[in-house]
Amino acid sequence: MVEQAVLEEVFGDGLEVITRYVDILANRGIDWGLLGPREADRLWDRHVLNSVAVASLIPAEASVVDVGSGAGLPGIPLAIARPDLSVVLLESLLRRVTFLAEVVAELGLGDRVRVVRGRAEECTERFDVVTARAVAPLGRLVGWADHLFLPSGQLLALKGSSADKEVAEAQAVLRKRRLVADVQAVRAAASLEETFVVRVRSVSRETRPVR
Ligand SMILES: C[S@@+](CC[C@H](N)C(=O)[O-])C[C@H]1O[C@@H](n2cnc3c(N)ncnc32)[C@H](O)[C@@H]1O
(Lines of atoms letter the chains of each structure in order from A and count residues from 1; the text may use other names and numbers.)
(Lines give C-alpha, C1' and ligand atoms only; values in the text may rest on other atoms or scores of the structure.)
Protein backbone atom coordinates (compact mmCIF):
# COMPACT_ATOMS: atom_id res chain seq x y z
CA MET A 1 0.00 0.00 0.00
CA VAL A 2 1.36 3.41 -0.97
CA GLU A 3 1.84 5.83 1.92
CA GLN A 4 -0.55 8.78 2.15
CA ALA A 5 2.41 11.19 2.43
CA VAL A 6 3.75 9.99 -0.93
CA LEU A 7 0.38 10.47 -2.59
CA GLU A 8 0.17 13.99 -1.14
CA GLU A 9 3.66 14.72 -2.49
CA VAL A 10 2.73 13.53 -5.98
CA PHE A 11 -0.82 14.84 -6.31
CA GLY A 12 -0.90 17.82 -3.94
CA ASP A 13 -4.29 19.51 -4.21
CA GLY A 14 -5.39 16.83 -6.66
CA LEU A 15 -5.35 14.03 -4.08
CA GLU A 16 -9.11 13.96 -3.62
CA VAL A 17 -9.68 13.86 -7.41
CA ILE A 18 -7.17 11.08 -8.05
CA THR A 19 -8.69 9.08 -5.19
CA ARG A 20 -12.09 9.38 -6.89
CA TYR A 21 -10.53 8.27 -10.19
CA VAL A 22 -9.00 5.18 -8.57
CA ASP A 23 -12.37 4.38 -7.05
CA ILE A 24 -14.00 4.66 -10.50
CA LEU A 25 -11.35 2.35 -12.00
CA ALA A 26 -11.83 -0.19 -9.20
CA ASN A 27 -15.57 -0.31 -9.80
CA ARG A 28 -16.82 0.89 -13.20
CA GLY A 29 -13.46 0.30 -14.90
CA ILE A 30 -13.50 -3.36 -13.93
CA ASP A 31 -17.28 -3.76 -14.47
CA TRP A 32 -16.88 -2.38 -18.01
CA GLY A 33 -13.99 -4.77 -18.65
CA LEU A 34 -11.42 -2.01 -19.15
CA LEU A 35 -9.18 -3.47 -16.46
CA GLY A 36 -8.92 -7.05 -15.23
CA PRO A 37 -10.41 -7.89 -11.81
CA ARG A 38 -6.94 -8.73 -10.48
CA GLU A 39 -5.87 -5.11 -11.02
CA ALA A 40 -8.13 -3.81 -8.24
CA ASP A 41 -5.47 -4.25 -5.55
CA ARG A 42 -2.66 -2.69 -7.55
CA LEU A 43 -4.26 0.33 -9.14
CA TRP A 44 -2.17 2.87 -7.22
CA ASP A 45 1.32 1.51 -7.79
CA ARG A 46 1.05 -0.48 -11.02
CA HIS A 47 -1.19 1.94 -12.89
CA VAL A 48 -1.54 5.42 -11.37
CA LEU A 49 1.95 6.05 -9.97
CA ASN A 50 3.53 4.25 -12.90
CA SER A 51 1.65 6.67 -15.18
CA VAL A 52 2.71 9.77 -13.26
CA ALA A 53 6.39 8.77 -13.30
CA VAL A 54 6.66 10.24 -16.80
CA ALA A 55 5.66 13.72 -15.54
CA SER A 56 9.26 14.77 -14.86
CA LEU A 57 10.00 14.59 -18.62
CA ILE A 58 7.10 16.88 -19.60
CA PRO A 59 7.84 20.62 -19.85
CA ALA A 60 5.69 23.19 -18.05
CA GLU A 61 2.37 24.08 -19.70
CA ALA A 62 2.82 21.51 -22.45
CA SER A 63 0.05 20.23 -24.68
CA VAL A 64 -0.11 16.44 -24.38
CA VAL A 65 -1.89 13.76 -26.39
CA ASP A 66 -2.25 10.38 -24.70
CA VAL A 67 -2.48 7.87 -27.56
CA GLY A 68 -4.53 4.73 -26.83
CA SER A 69 -5.63 6.10 -23.49
CA GLY A 70 -7.92 3.14 -22.68
CA ALA A 71 -9.34 3.83 -19.21
CA GLY A 72 -7.31 7.09 -19.04
CA LEU A 73 -3.74 5.92 -18.40
CA PRO A 74 -1.46 7.77 -18.22
CA GLY A 75 -3.45 10.85 -19.35
CA ILE A 76 -5.85 11.28 -16.43
CA PRO A 77 -3.32 10.85 -13.57
CA LEU A 78 -0.94 13.18 -15.44
CA ALA A 79 -3.60 15.86 -15.84
CA ILE A 80 -4.43 15.64 -12.12
CA ALA A 81 -0.80 15.70 -10.93
CA ARG A 82 0.10 18.50 -13.38
CA PRO A 83 -2.59 21.21 -13.51
CA ASP A 84 -0.40 23.18 -15.95
CA LEU A 85 -0.91 20.63 -18.75
CA SER A 86 -3.66 20.49 -21.35
CA VAL A 87 -4.35 16.88 -22.28
CA VAL A 88 -6.13 15.10 -25.13
CA LEU A 89 -7.12 11.48 -24.49
CA LEU A 90 -7.07 9.85 -27.93
CA GLU A 91 -8.75 6.47 -28.11
CA SER A 92 -10.09 4.48 -31.04
CA LEU A 93 -12.76 2.34 -29.32
CA LEU A 94 -16.20 3.88 -28.75
CA ARG A 95 -16.87 2.07 -25.47
CA ARG A 96 -13.63 3.39 -23.98
CA VAL A 97 -14.30 6.89 -25.31
CA THR A 98 -17.73 6.81 -23.62
CA PHE A 99 -16.08 5.78 -20.34
CA LEU A 100 -13.43 8.49 -20.66
CA ALA A 101 -15.94 11.24 -21.44
CA GLU A 102 -18.03 10.30 -18.38
CA VAL A 103 -15.01 10.18 -16.10
CA VAL A 104 -13.53 13.49 -17.29
CA ALA A 105 -16.90 15.19 -16.68
CA GLU A 106 -17.36 13.58 -13.25
CA LEU A 107 -13.88 14.56 -12.11
CA GLY A 108 -14.38 18.16 -13.28
CA LEU A 109 -11.38 18.04 -15.64
CA GLY A 110 -13.24 19.18 -18.75
CA ASP A 111 -11.53 22.57 -18.98
CA ARG A 112 -8.10 20.97 -19.57
CA VAL A 113 -8.81 17.43 -20.69
CA ARG A 114 -10.48 16.63 -24.00
CA VAL A 115 -11.57 13.18 -25.14
CA VAL A 116 -11.18 12.44 -28.85
CA ARG A 117 -12.29 9.29 -30.62
CA GLY A 118 -9.96 8.23 -33.40
CA ARG A 119 -6.85 6.41 -34.42
CA ALA A 120 -3.48 8.08 -33.91
CA GLU A 121 -2.63 7.62 -37.60
CA GLU A 122 -5.64 9.74 -38.59
CA CYS A 123 -5.27 12.57 -36.07
CA THR A 124 -4.14 15.86 -37.64
CA GLU A 125 -3.47 17.93 -34.51
CA ARG A 126 0.07 18.57 -33.23
CA PHE A 127 1.21 18.54 -29.59
CA ASP A 128 4.32 19.21 -27.51
CA VAL A 129 4.26 15.70 -26.08
CA VAL A 130 2.80 12.35 -27.12
CA THR A 131 2.42 9.78 -24.33
CA ALA A 132 1.61 6.10 -24.77
CA ARG A 133 1.43 3.17 -22.37
CA ALA A 134 0.80 -0.44 -23.37
CA VAL A 135 -0.38 0.50 -26.86
CA ALA A 136 2.04 -1.12 -29.35
CA PRO A 137 5.71 -2.09 -29.76
CA LEU A 138 7.88 1.01 -30.17
CA GLY A 139 8.48 0.67 -33.93
CA ARG A 140 4.77 0.40 -34.66
CA LEU A 141 3.88 3.17 -32.21
CA VAL A 142 6.36 5.54 -33.86
CA GLY A 143 4.83 4.75 -37.25
CA TRP A 144 1.38 5.64 -35.92
CA ALA A 145 2.24 8.70 -33.88
CA ASP A 146 5.44 10.50 -34.90
CA HIS A 147 3.46 13.10 -36.86
CA LEU A 148 1.60 14.06 -33.66
CA PHE A 149 4.49 15.87 -31.98
CA LEU A 150 5.82 19.27 -32.99
CA PRO A 151 9.42 19.54 -34.33
CA SER A 152 10.47 20.68 -30.85
CA GLY A 153 8.40 17.99 -29.16
CA GLN A 154 8.76 14.37 -28.12
CA LEU A 155 7.05 11.02 -27.82
CA LEU A 156 7.26 9.40 -24.37
CA ALA A 157 6.49 5.67 -24.35
CA LEU A 158 6.13 4.07 -20.91
CA LYS A 159 7.86 0.76 -21.46
CA GLY A 160 9.24 -0.40 -18.12
CA SER A 161 11.79 -3.22 -18.30
CA SER A 162 11.40 -3.76 -22.07
CA ALA A 163 12.60 -0.22 -22.92
CA ASP A 164 16.17 -1.01 -24.07
CA LYS A 165 15.07 -3.99 -26.13
CA GLU A 166 12.32 -1.99 -27.83
CA VAL A 167 14.71 0.81 -28.74
CA ALA A 168 17.14 -1.70 -30.25
CA GLU A 169 14.36 -3.36 -32.24
CA ALA A 170 13.01 -0.05 -33.54
CA GLN A 171 16.33 1.29 -34.86
CA ALA A 172 15.49 0.85 -38.56
CA VAL A 173 12.13 2.63 -38.20
CA LEU A 174 13.70 5.44 -36.17
CA ARG A 175 16.52 6.01 -38.66
CA LYS A 176 14.13 6.05 -41.60
CA ARG A 177 12.00 8.69 -39.92
CA ARG A 178 15.03 10.74 -38.78
CA LEU A 179 14.24 10.15 -35.11
CA VAL A 180 16.42 9.30 -32.13
CA ALA A 181 15.39 7.48 -28.97
CA ASP A 182 16.89 7.19 -25.52
CA VAL A 183 15.77 5.49 -22.32
CA GLN A 184 15.04 7.60 -19.26
CA ALA A 185 14.75 6.18 -15.73
CA VAL A 186 11.92 7.98 -13.94
CA ARG A 187 9.89 7.72 -10.74
CA ALA A 188 6.83 9.51 -9.41
CA ALA A 189 8.49 10.26 -6.05
CA ALA A 190 11.97 9.68 -4.60
CA SER A 191 10.77 6.83 -2.37
CA LEU A 192 9.15 4.89 -5.24
CA GLU A 193 10.58 2.29 -7.59
CA GLU A 194 11.94 3.58 -10.89
CA THR A 195 10.50 2.70 -14.26
CA PHE A 196 11.74 3.26 -17.80
CA VAL A 197 10.41 5.56 -20.50
CA VAL A 198 11.54 5.66 -24.12
CA ARG A 199 11.91 9.26 -25.29
CA VAL A 200 11.72 9.79 -29.06
CA ARG A 201 12.70 13.09 -30.65
CA SER A 202 13.58 14.32 -34.10
CA VAL A 203 17.22 14.27 -35.21
CA SER A 204 16.98 17.94 -36.27
CA ARG A 205 16.07 18.91 -32.71
CA GLU A 206 19.04 16.96 -31.34
CA THR A 207 21.54 18.55 -33.73
CA ARG A 208 20.14 22.08 -33.76
CA PRO A 209 22.96 24.56 -32.91
CA VAL A 210 22.70 26.32 -29.55
CA ARG A 211 22.50 30.10 -30.00
C1 LIG B 1 -3.81 -2.21 -23.86
S2 LIG B 1 -4.75 -0.75 -23.94
C3 LIG B 1 -3.81 0.32 -22.90
C4 LIG B 1 -4.65 1.44 -22.36
C5 LIG B 1 -3.90 2.43 -21.43
N6 LIG B 1 -2.94 3.22 -22.18
C7 LIG B 1 -3.26 1.73 -20.27
O8 LIG B 1 -2.05 1.87 -20.08
O9 LIG B 1 -3.98 1.05 -19.51
C10 LIG B 1 -4.39 -0.08 -25.56
C11 LIG B 1 -5.41 0.94 -26.02
O12 LIG B 1 -4.95 1.55 -27.21
C13 LIG B 1 -6.07 1.73 -28.09
N14 LIG B 1 -5.49 1.81 -29.43
C15 LIG B 1 -4.85 0.83 -30.11
N16 LIG B 1 -4.39 1.29 -31.29
C17 LIG B 1 -4.74 2.61 -31.37
C18 LIG B 1 -4.53 3.63 -32.35
N19 LIG B 1 -3.88 3.37 -33.48
N20 LIG B 1 -5.01 4.87 -32.09
C21 LIG B 1 -5.67 5.12 -30.94
N22 LIG B 1 -5.89 4.20 -29.97
C23 LIG B 1 -5.43 2.95 -30.18
C24 LIG B 1 -6.93 0.51 -27.82
O25 LIG B 1 -8.27 0.71 -28.20
C26 LIG B 1 -6.77 0.35 -26.31
O27 LIG B 1 -7.74 1.08 -25.60
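Glycine is no exception: its Cβ is also placed from the backbone N, Cα and C atoms.
Remember, TrEMBL labels are computer predictions, not curated facts.
According to TrEMBL, the S-adenosyl-L-methionine binding site annotation covers G68, L73, A120, E121, R133. If you draw a 10 Å sphere around the CB of E121 (S-adenosyl-L-methionine binding site), it holds 12 other CB atoms from the protein chains shown.
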Taking each of the binding-site residues L73, A120 in turn and counting other Cβ atoms within 10 Å of its Cβ, which one has the fewest? A120
Give me the long-range Cβ neighbours of G68 (S-adenosyl-L-methionine binding site): same chain, 6+ apart, Cβ under 8 Å, in sequence order. L90, E91, S92, A120, A132, R133, A134, V135, A136
Using DSSP, would you call R133 (S-adenosyl-L-methionine binding site) helix, strand or coil? strand
What count of other C-beta atoms do you get within 10 angstroms of the C-beta of R133 (S-adenosyl-L-methionine binding site), across all chains shown? 22
